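S.K.: I'd like to ask some things about the structure below.
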Amino acid sequence: MMIGLRYRNFTNRQGALADGTCCDNPGLSVPNCPRDQCDTSFTPCGTYSGDPLPCQAFLRKSTSVMADLNSFVIKDWIGNVKGMKQSQAVVVFTDHFSPEDIHFTILAREVSGGTTHALMANFSFIIDWMDTSFSVGRHWRRMTLSDEYAQLDVDVVRQCSRHHFGPTCHEYCRPNRQYTCLTNGSKTCSRGWQGPDCDDLVPHCAAGLCQHGGICVNIHLGYVCNCSASYSGRNCETKILTSSAPTKSSFTVTEFETTLSYSSTLMSSVAVLLPGYSTPSPSGFTPKAVTIPSKPVGLPTTATGTVKSHSSDGKNERTTVAALSCSAGAIVIVTVLLVAIYITHKWKKQRSEGKVRPVPPTPLSTQEILMITEKTL
């Protein structure tokens, strides 16, 4: 706890010392003391309630001397050449953690010749450690202290020392990465911590945050989900898209026709379909994509169109339309398609003449398609 003491007004109308004699005139006594003869200085000290002797807890240096005045306002002397310094007008007593009451004493002394210090008044008051009416905070409490011949007005404030909270400053709370402190000293746990002292890790996995069979693992200040092969994301909430699995159905392209259109948009790939290319997809034809490295000079930038394929497995027939695009120009597409049409009709003719068995030819690989395209270019 920190206790602040601020001097305000001092009054000694009689101009007397504590024994009734006059300031600067020991041969005279009240009520015959002359005016404005006292030279006053204050010395504060403190004592715990269990100490047998006064001023054992702490003692502060005496203030400057307010000369030749029986009564005065302290603030009028602050900053004067011969007056009181600001640091002397407000006295702070720190690090008072004892649960005992503290007895404050302010000794007012007469300074004569700079060496003799006769007692003028003994002002005292008690700060009750458990007095909640004397609230802890920034508000000063006004007190009027009296002795037989003198009176002193002071302000007193109580504030908690650093990291101490509550009406009596008994609540200790020092914030760290695990919690912050409220004005009453209670702790607010940071994310990932729980318990009265915020020293227990929150078991995130108990909340079942991992989805779709993901395995949850608690880590410092959080958790990690070990997802299955089909899901991803912090909580395994995102399904990983994969291609359809192959089936036993096999369709072979036997006929197709094309329609082409041109644009100036630069494309980067060409989709080519040749007769005899088998696909295991039950949905029909899925064309291979072949990248053409460069376009011939003087040809259109892009050719786009569709390939309409007719496929059959001997029992079922399917018609599929596939997209077609080429960055090397229309002549490449036309050339490839003409080759494909020629091979198709030749194969159909041989089949009708009985020269080939009624089975589809071996599918062309992507490398073979690339070779045909490169030769065409």
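Backbone N, Cα and C atoms are what each Cβ position is placed from, and that goes for glycine too.
Copying in the features that TrEMBL gives for the protein in this structure:
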- 158-198: domain 'DSL' (DOMAIN)
- CYS160-CYS169: disulfide bond (DISULFID)
- CYS189-CYS198: disulfide bond (DISULFID)
- 201-237: domain 'EGF-like' (DOMAIN)
- CYS227-CYS236: disulfide bond (DISULFID)
- 321-343: transmembrane segment (TRANSMEM)
S.K.: What are the sequence-distant neighbours of CYS160 (disulfide bond), meaning same chain, six or more residues apart, C-beta distance under 8 angstroms?
M.R.: MET1, MET2, VAL136, GLY166, CYS169
S.K.: Might you list, by sequence position, any residue in that chain lying six or more from CYS236 (disulfide bond) with a Cβ less than 8 Å away from its Cβ?
M.R.: CYS210, GLN211, HIS212, GLY213, GLY214, CYS225, CYS227, SER228
S.K.: Give, as a single whole number between 0 and 100, the mean pLDDT over the domain 'EGF-like' (201-237).
M.R.: 85
S.K.: Who are the chain neighbours of the domain 'EGF-like' (201-237) in space, where the CB to CB distance is under 8 Å and they lie at least 6 residues beyond its ends?
M.R.: 191-194
S.K.: Restricting to the same chain and to sequence separations of six or more, state which residues have a Cβ under 8 Å from that of CYS198 (disulfide bond).
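M.R.: CYS198 (disulfide bond) has long-range Cβ partners GLN178, TYR179, LYS187, CYS189, SER190.
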S.K.: How do the residues of the domain 'EGF-like' (201-237) split into helix, strand and coil according to DSSP?
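M.R.: Residue counts in helix, strand and coil order: 4 helix, 13 strand, 20 coil.
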S.K.: A 10 Å Cβ contact count, applied to the disulfide-bonded residues CYS169, CYS189, CYS227: which residue has the minimum?
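M.R.: Comparing Cβ neighbour counts within 10 Å for the disulfide-bonded residues CYS169, CYS189, CYS227 gives CYS189.
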S.K.: May I ask you to report the DSSP-based helix, strand or coil state of CYS189 (disulfide bond)?
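M.R.: The residue in question, CYS189 (disulfide bond), is strand (DSSP, three-state).
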